[in-house]
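To keep things clear, I will list the structure first and then write my remarks on it.
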């Protein structure tokens, strides 16, 4: 059994590398209009196997109190999900079992995988196996994403990020928002890995991967990913400047500062020619067009009127999500008490499947899906992790200015931020695996730091 735990822990880490391939296969299958995709099928199988892994881990560690608490949490979560299904079966105008159950299955992915990665890091830390695999797997996974993006771009086989503008590319990945979130959350980890490798001063070729990742983001054309690379690179530059004042050997850190500054300059120069710049211009043009249309006999429909009346910056950043929020909030306000407590399930209430719209802001979608009680239970692991990491950040502030800690902080912050800004983070298995693995890694390091009162420097990128 212990051998299984060790091997499965290694599998969980290596599993991250295969995510881009699963997503590319999923994109191809969706292009062929296949309802059940290979990617989600594999992820659900892994999720089920991971449940057994967690149970075996708890049994072998014989921590009855901890095991009882964890099993109790998942039993409570499952019970609330069943209650929600029963309530919505009786209450919703249109209840589609396949949609409701599929959505719930995807929702369970994040808490199961978060716990599994925490255990995997604990298992692999003792003999430092963890250093051989993490964050290397994140670095190589995003390299695969960049490679697929480039091949799709130069073979003219990409999906459009914004089909209505015919702008932006998502390579062979079907969902541009999910791709955007993946690269955004992982980008600071890539910077950490590359800069650690650059410490020898001779491996500048690692930075080529950073440039390719940035180019991929500029191809995607989404606002969230663009802001994320600016944030990640800018924060790394700030950390490098702080390290320059602290360091005795200033030669290497000066080179890193120059490299980061040149990278930011390159992004600024490239911006006007890329899709993300054009989408901003087209958004402004569309607002002007809609305002002119409002003065004609045809006028605007209810949703178009809301969109035009929303603050221009807010409507651009949230891409019209305020409209979906208002519609979903209206449905939620009309729901019965049971639905408000346990949720309205997928997309609140709708008369036709084609009318079902998510807000695409994770915390809000989770509130409407699970209700007040359900959302608290569902988000409890994330809330606990966030509070713990914020506490660690301020209590151990002097340690936070290494590239490892600063980029972990940046990555986790982007994960929580992207969940609000673009959605498709917490409840999208293709994205949540990056988020929860990085979050689990940050939690594992934070616990070691708090327990020993020393920075766990042995848990780092392997030279």
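Please read every residue number as a count from 1 along the shown chain.
Quick reminder: no glycine exception, Cβ is built from N, Cα and C everywhere.
Heads up, TrEMBL stuff is auto-annotated, nobody curated it.
Between the listed ranges 346-369, 370-393, TrEMBL ties the annotation transmembrane segment to 370-393.
Within the same chain, the transmembrane segment (174-195) stays apart from the transmembrane segment (107-125): fewer than three Cβ pairs sit under 8 Å, each pair at least 6 residues apart. Counting residues 6+ beyond its ends, the transmembrane segment (432-450) has Cβ neighbours under 8 Å at 13, 15-16, 19, 109-110, 113-114, 117-118, 120-122, 125, 134-135, 138, 141, 182, 185-186, 189, 382, 385, 388-389, 392, 395-396, 399, 404-405, 408-409, 411-412, 415, 419, 425-426, 456, 459 in the same chain. Tertiary proximity for the transmembrane segment (204-220) is limited to same-chain residues at least six positions away from its ends with a CB under 8 Å from its CB atoms, namely 139, 142-143, 145-147, 149-150, 153, 158, 161, 168-171, 176, 179-180, 183-184, 187, 190-191, 193-194, 197-198, 226, 228-229, 233, 259, 263, 266-267, 270-271, 274-276. Listed stretches 40-60, 252-274, 370-393, 405-426 were compared with the transmembrane segment (67-87); the greatest number of C-beta pairs under 8 angstroms is found for 370-393.
Remark: the transmembrane segment (226-245) makes no contact with the transmembrane segment (40-60), by the rule of 3 or more CB pairs under 8 A.
Remote same-chain residues near the transmembrane segment (40-60) are listed as 1-2, 4-5, 8, 12, 15, 22, 26, 66-67, 70-71, 105-106, 108-109, 112-113, 115-116, 119, 123, 429-430 (criterion: CB distance under 8 Å, separation of at least six residues from the stretch ends). Looking at 12-34, 252-274, 370-393, the range that has the most CB pairs within less than 8 A of the transmembrane segment (405-426) turns out to be 370-393.
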